[in-house]
Amino acid sequence: MLGCLKNPVVVTVEINMNLVALTVIGLISRLWGLSYPRAVVFDEVYYGQFVSLYMKRIFFVDDSGPPFGHMLLALGGYLGGFDGNFLWNRIGAEYSMNVPVWSLRLLPGLAGALCVPLAYQILVELQFSHCAALGAALLVLLENSLITQSRFMLLESILIFFILLAVLSYLKFYNLQRDSFFSGSWWFWLLLTGVACSCAVGVKYMGLFTYMLLLTIAGVHFWHMIGDRNLSNVSLMCHFLARGLALIIIPVAMYLSFFYVHLTLLYRSGPHDQIMTSAFQASLEGGLARITQGQPLEVAYGSQITLRNVLGKPMQCWLHSHTNTYPIRYENGRGSSHQQQVTCYPFKDVNNWWIVKDPGMQQLVVSNPPRPVRHGHIVQLVHGITTRYLNTHDVAAPLSPHSQEVSCYIDYNISMPAQNLWRVEIVNRESDMDVWKTILSEVRFVHVNTSAVLKASGFFGASLPEWGYRQLEVVGEKLSKGYHQSMVWNVEEHRYGKSQEQKEREVELHSPTQMDISKNLSFMAKFTELQWKILTLKNEDTEHKYSSSALDWITMDTNIAYWLHPTSGAQIHLLGNVVTWASANIAALVYACLSLWYLIRRRRKIYDIPEDAWQLWVSAGGICVGGWAVNYLPFFLMEKTLFLYHYLPALTFQILLIPIVLQHLGNHLCRSLLLKSMFSALVVAWFSSVYLVYRTFSPVTYGEPSLSVTELKDLRWKDSWNILIQKQ
């Protein structure tokens, strides 16, 4: 038994020194002097606001994408002890001492540094030589634009890291499946592929492009497996289920978990929650929750309510009335009913209060016990301050002549009777017996006489003129014109009316029951609403000084000035390595031309290269050219303000293609020893020029040392570049 102790326990570890060296150099290039400049750099002014809100647990909505990337930046702030107290209002503003600059920039820097060894490993897994892999890693290492983007509190380097990790993981999984199905390492790399894809999408929706590319490649590979008669039907089904679990189910589950953590962390009300529904707002601590806490849940006859339009964009608004009437004649000569105006008002106001009245009774108070209003019930809505009834009739609305005017009825003793009966329809009901609930129920009011639906139409056109105080128009819209969210309302504030006296009614604030809306709003309900807001809420795109078109990116005809020192003239620009960008374009062109040539020749049964070399060439193109295409071409279809940094994920794939093309040319086109020697010498000279350009532009990549006016002018290699020259 003790015999096993006679020999020592030996552990053998293989260390790839290329990987170690590349990782160390990558860390130095990205993390050196990371706290410089100690000032807000370009989009740090944007992302920093969200980091502060995370630190203070205040809810926000960012229409640029999912929350995972923001949470990673906030993690850096948390690790550095940031309290969130900094005013992110100006690029170039000096950071106060409470802002842990190095910690906030650490995770993007680490992600950018790790892209260097990832590039190396991807080419190794694509079955290219270690020399080609080393070349790819060094090109990523010396790419000025990637360095700049990874040294600040920005998301592109994190996005690229997860994209490359997903590609590498899938390649390792694919190479393993030739020998070891369902082994531990096989499962590890397959699961990591799905996790990395989910993280990429969670950082920015641009990650979805690479995710779809990998799903397509996985589908093609599985299609080839179906033709393998050595695999049984059971084995094929197991492979299919494993891929479905790892590449679809787990990424979806992780994506949901990002929002779960996001909503768990941000439980306090803030300025951004105003665009959310009343139910969502009431689930947050403070804000609307302070108002709605203690409100009755069920709307009853005699309830005093405010009605908020569910659409909520471009602004929230509440059903409103005031003593002013519609003008007898509008500017275009059309006449009106001269009844009391009804509008949708974008601010909380006492004139937003209405009383739900039973048409068969005169009382405006809640009985004991309360009689709840249900789906399909007929009600009258009485304006709380003026006590006039909500009314609509066959009179054209002021701004929407094809719709009916909505007013509060005034009896002028003319042949225009009141038409003030409304049927309550609960849109999100579970049954036809559902009770109308505060905040939770979304309702339509259908006019009994004309079947018109109460609608806030001011969202789609101009606001009312001066006589309507620029408030939003409310109309009666025929149901035949279709359903729209602007026809749906929910009760936001609610109390049970107890006094018949008008004076007392205006001030009563009775709160008979306790209600916690947050318990009635599930995570999936909150996720669905927040996801919809992210996808549909778009800020007005304005022309930016440094915005560009997708065509400008290929030839790098544009740049972005990230930071300028106020006195020394030191500055940081998003500028790429000109030699690398030009070489990437040439490599893509050469790949396309050679591929077309090979295809035509193969069609004629002429095989210029061995079959294994052809398969290697195709698979490399699928990853590199495919990755470039899916991350670049969609921008031609996007209607948004574009910047040069949007091209960096596509550029990274194009950079990986350069050593692939070079190795292919050296192996298959340079057949003689002399040609191979000359080609190697050209590659060395070319790579030296890459390093020389990197060093030349390092001062505007790292922001130091500061350059003289003459040196700055010398860096303006293109007239379209905006190099900042301070006046002396």
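Using N, Cα and C of the backbone, Cβ positions are placed for all residues, glycine too.
All TrEMBL annotations are machine predictions without curation.
Record features (TrEMBL):
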TRANSMEM  15-33  transmembrane segment
TRANSMEM  67-88  transmembrane segment
TRANSMEM  100-120  transmembrane segment
TRANSMEM  154-174  transmembrane segment
TRANSMEM  186-219  transmembrane segment
TRANSMEM  240-261  transmembrane segment
DOMAIN    296-359  domain 'MIR'
DOMAIN    370-427  domain 'MIR'
TRANSMEM  578-600  transmembrane segment
TRANSMEM  612-630  transmembrane segment
TRANSMEM  642-662  transmembrane segment
TRANSMEM  674-694  transmembrane segment
* Same-chain residues near the transmembrane segment (100-120), Cβ under 8 Å, at least 6 residues beyond its ends -> 18-19, 22-23, 25-27, 29-31, 34-35, 38, 48, 51, 72-73, 75-77, 79-82, 133-134, 136-137, 139-141, 146-147, 149-155, 157-158, 160-162, 164-165, 168, 652, 655-656
* What stretch in 15-33, 154-174, 240-261, 578-600, 642-662 has the biggest tally of Cβ pairs under 8 Å against the transmembrane segment (186-219)? -> 154-174
* **Residue numbers, six or more beyond the limits of the transmembrane segment (240-261), whose CB comes under 8 Å of its CB atoms** => 66-68, 71, 182, 187, 190-191, 193-195, 197-199, 201-202, 211, 214-215, 218, 222, 523, 527, 530-531
* By DSSP, what is the split of the domain 'MIR' (296-359) into helix, strand and coil residues? -> 3 helix, 30 strand, 31 coil
* Structure fact -> Outside the transmembrane segment (154-174), at least 6 residues beyond either end, the same-chain residues with a Cβ under 8 Å of its Cβ set are 42-44, 47, 69, 72-73, 107-109, 111-112, 114-115, 118-119, 121-122, 125-126, 146, 185-186, 189-190, 192-193, 196-197, 199-200, 203-204, 206-207, 210-211, 214, 217-218, 221, 623, 627, 645, 648-649, 652
* Look at every Cβ pair spanning the transmembrane segment (578-600) and the transmembrane segment (15-33), keep those 6 or more apart in sequence, and say whether at least 3 of them are under 8 Å. => no
* Asked: Taking residues 6+ outside the transmembrane segment (674-694), which of them lie with a CB under 8 Å of any CB in it?
  -> 135, 138-139, 142-144, 577-580, 583, 662, 665-666
* Residues sitting near the transmembrane segment (15-33): Cβ under 8 Å, six or more positions beyond its termini, same chain? -> 106, 109-110, 112-117, 120-121, 130, 133-134, 137-138, 141, 147, 150-151, 702, 704
* Structure fact -> Across the domain 'MIR' (370-427), DSSP yields 0 helix, 26 strand, 32 coil
* Structure fact -> Tertiary contacts of the transmembrane segment (642-662), defined by C-beta under 8 angstroms and 6+ residue spacing from its ends, are 115, 119, 122-123, 126, 128, 132-133, 135-136, 139-140, 143, 145-146, 149, 154, 156, 159-160, 163-164, 206, 209-210, 544, 546-550, 552-553, 556, 558-560, 574, 576, 580-581, 583-585, 587-588, 590-591, 620-621, 623-629, 631-632, 635, 683
* To do: Report, as numbers and ranges, which residues of the same chain sit near the transmembrane segment (67-88): CB under 8 Å and 6 or more residues beyond its ends.
  => 40, 44-56, 95-96, 98-100, 102-108, 153, 155, 158-159, 199, 202-204, 258-259, 261-262, 265
